[in-house]
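K.L.:
A single structure is presented below for examination.
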Amino acid sequence: MISFIWQWLDCFYTFPVTCLVIVICVVVWLLITHKGWSYYDVGCNYDRVLVDKETWRWISSTLSHISWMHLVLNMYSLWNLRWMEQRFTCSVYLIWNILIAFLSTCVTLFINLLQLWVGFHTEQVRQVYLVGYSAVLFGLFAIASQHVTSIVLLGDILISPIWIPFISLGVVTLLVPEASFIGHCSGIFIGFLISLDKHDDLFQWSWSWIWLLGILCITLITMNWTIQRNRFIRI
C-alpha cells in the first residue's frame, strides 16, 4: 500500500498536469454518478451557453464524462500522451490543454452558429450536448503528430504521423456514431494551429499565436453579437 502511494506521488511529481486532469475528471464523474446528472446538466449546448448565458458549461463539459467507458478511454489516451508533458515542460503542456479546451469549444459553437444561419440540421444543433475531454485529446494528437517521425500500422505499414488524428477520428466516428464529429475536428484544427509554433520559447511571438488570438477575438465578437440578437437566431 505504501509503495503504491509512493508510486502515485512520483507520478504526480513527474507528470503533474496529466495526473491532475485525471484526478479531476474522475472526481467529477463520481459526482455526476452520485447526483444522477446527465448530458443536459453538465454538457455544452449552443442555446444553453450563448442564449441562456450558462458560461460555466464551457468548463464543466470538458471535465465531465457520463459513461465510465468514455472516461476510461479518454484518461487512458491522456496517460499515453504524458511524454509530451515531460518533453515540453508542465507549463507549456498546461497552456496547450487550456487553449485547446477553450478554443475548440469556441470553434464548435461558431460552426453551430453557421449551421443555424443556413438552416442546416437546426434541430440537431439545438439538441446536441458536448461532454468529455476528447476534443483536447484530438488537439494533443495533432501536436504530437508533428514531433514523431513515422508510425507503424498493422505490423509493417508505415504511415505519416500527420494522419494519426484523422485515423483516430475515423475510428471513433465508426465505433461511436453519436460522438461529436465537429467537436473532435475543432480540437484537431486548434492542435495543428498550435503546432505551427516551432519556437522553443512558449511566449516568443509567432504567427501561430496571432492566428489563435484572431480566432478567439472573432469568435467572442460573434458570440456577443449573437447574444444581443438571439431573437434572430432562435427560430
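Note: Cβ is positioned from N, Cα and C throughout, glycine not excepted.
In TrEMBL, annotation is done automatically, which means it is predicted and not curated.
TrEMBL lists these features:
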type: TRANSMEM; residues: 12-32; note: transmembrane segment
type: DOMAIN; residues: 53-195; note: domain 'Peptidase S54 rhomboid'
type: TRANSMEM; residues: 58-79; note: transmembrane segment
type: TRANSMEM; residues: 91-118; note: transmembrane segment
type: TRANSMEM; residues: 130-154; note: transmembrane segment
type: TRANSMEM; residues: 206-227; note: transmembrane segment
K.L.:
Give me the DSSP three-state residue breakdown of the domain 'Peptidase S54 rhomboid' (53-195), ordered helix, strand, coil.
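P.N.:
Breakdown, helix to coil: 103 helix, 7 strand, 33 coil.
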K.L.:
Give, as a single whole number between 0 and 100, the mean pLDDT over the domain 'Peptidase S54 rhomboid' (53-195).
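P.N.:
Here the predicted model's pLDDT, averaged over the domain 'Peptidase S54 rhomboid' (53-195), is 84.
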